[in-house]
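So that you can see what the record holds, here are the features copied from Swiss-Prot:
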- Cys139: active site (ACT_SITE)
- His277: active site (ACT_SITE)
- Asn297: active site (ACT_SITE)
- Cys126-Cys223: disulfide bond (DISULFID)
- Cys136-Cys179: disulfide bond (DISULFID)
- Cys170-Cys212: disulfide bond (DISULFID)
- Cys271-Cys319: disulfide bond (DISULFID)
- Asn104: N-linked glycosylation site (CARBOHYD)
- 1-17: signal peptide (SIGNAL)
Amino acid sequence: MKQLVCVLFVCSSAVTQLHKDPTLDHHWNLWKKTYGKQYKEKNEEAVRRLIWEKNLKFVMLHNLEHSMGMHSYDLGMNHLGDMTSEEVMSLMSSLRVPNQWQRNITYKSNPNQMLPDSVDWREKGCVTEVKYQGSCGACWAFSAVGALEAQLKLKTGKLVSLSAQNLVDCSEKYGNKGCNGGFMTEAFQYIIDNKGIDSEASYPYKATDQKCQYDSKYRAATCSKYTELPYGREDVLKEAVANKGPVCVGVDASHPSFFLYRSGVYYDPACTQKVNHGVLVIGYGDLNGKEYWLVKNSWGSNFGEQGYIRMARNKGNHCGIASYPSYPEI
């Protein structure tokens, strides 16, 4: 992560000699004010300005094509608009997928059952507010606690935000690397063995690696087991989301079209099945004939549709969304 930032700013003296577009000065200042952007040095601001202009051009051209019916989603200059794809991946998307042989597929599907046409677990009060992971690759932790929060609500009737920081700090021996990445099933195994996880209120998120501070006095949830779904089976993922609750998944989030997504059903042919970002499927549905997965992200409410993204469903496991699904049980 540090190497990437260094590369960007070693080049800053050369970048400052490139010309910004002065006609965008007002819009640049407005964008900075909107998202509270402040830069320590002029060279840093010069770098960010040129990245921002490049992203702005990308957004404008994409949205022009969207207006012509060429895309099912549009883009916007959100709080990530001054970052490159490489930075977003390095700072905010660090999913570490375990070796394939370690997976234990235990889900028993019932292909003959009738499932609802749409599901949104927010409507049942099973989804906490969207969180912001900041410059820490803790996507996996937020995905894991999001799934467990829903199970806690279904079992007890109480919706409680659980501590992603607890997972960041305490699950290293399970293969997780804190802000440098991890995986949801390893997080569940830690909670199982630890006999619990603290609440967010008692163990708040700091977006950095710390010494483990778990305290059983503040335990807010437990986990008895977790279930993994078969690779690439969107039909089984639909069944699990409908019957069990929100499901943890990994996706390919490495494209500007993803981190600058604003609304609609996301479908980018460049998206691969090499997953690098942990998110939470909280439902599914159909928008103007486009089937989608309703996905909760951890990039704050300024991302997408108030922190959510609708991703193409039944499009050949688009972005790898059905590659590594799992959910916990209490």
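Backbone N, Cα and C define each Cβ position, glycine as well.
All features noted in Swiss-Prot, drawn onto the structure.
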residue : record                      : DSSP class
Asn104  : N-linked glycosylation site : coil
Cys126  : disulfide bond              : coil
Cys136  : disulfide bond              : coil
Cys170  : disulfide bond              : helix
Cys179  : disulfide bond              : helix
Cys212  : disulfide bond              : coil
Cys271  : disulfide bond              : coil
His277  : active site                 : strand
Asn297  : active site                 : coil
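Cys139 (active site) has its Cα within 10 Å of the Cα of these recorded positions: Cys179, His277, Asn297, taken from Cys170, Cys179, Cys271, His277, Asn297, Cys319. For Cys223 (disulfide bond), the nearest of the recorded positions Cys136, Cys212, His277 in terms of C-alpha separation is Cys212. Non-local contacts of the residue listed as 'N-linked glycosylation site' by the CB criterion (under 8 A, 6+ apart in sequence, same chain) comprise Glu228. Checking each of the recorded positions Cys170, Cys179, Cys212, His277, Asn297 against Cys319 (disulfide bond) by C-alpha distance, the shortest gap belongs to His277. When Cβ neighbours within 10 Å are tallied across all protein chains shown, the highest count among the disulfide-bonded residues Cys126, Cys170, Cys179, Cys271, Cys319 belongs to Cys319.
Cβ-based neighbour count (10 Å, all protein chains) for His277 (active site) stands at 27.
When the C-alpha distances from Cys126 (disulfide bond) to the recorded positions Cys136, Cys170, Cys179, Cys271, Asn297 are tabulated, the minimum falls on Asn297. Annotation: Cys139 carries the greatest number of neighbouring Cβ atoms among the recorded positions Cys136, Cys139, Cys212 [cut-off 10 Å, Cβ to Cβ]. Using a 10 Å Cβ-Cβ cutoff, Asn297 (active site) registers 29 neighbours. Around the Cβ of Cys223 (disulfide bond), the number of neighbouring Cβ atoms within 10 Å comes to 24.
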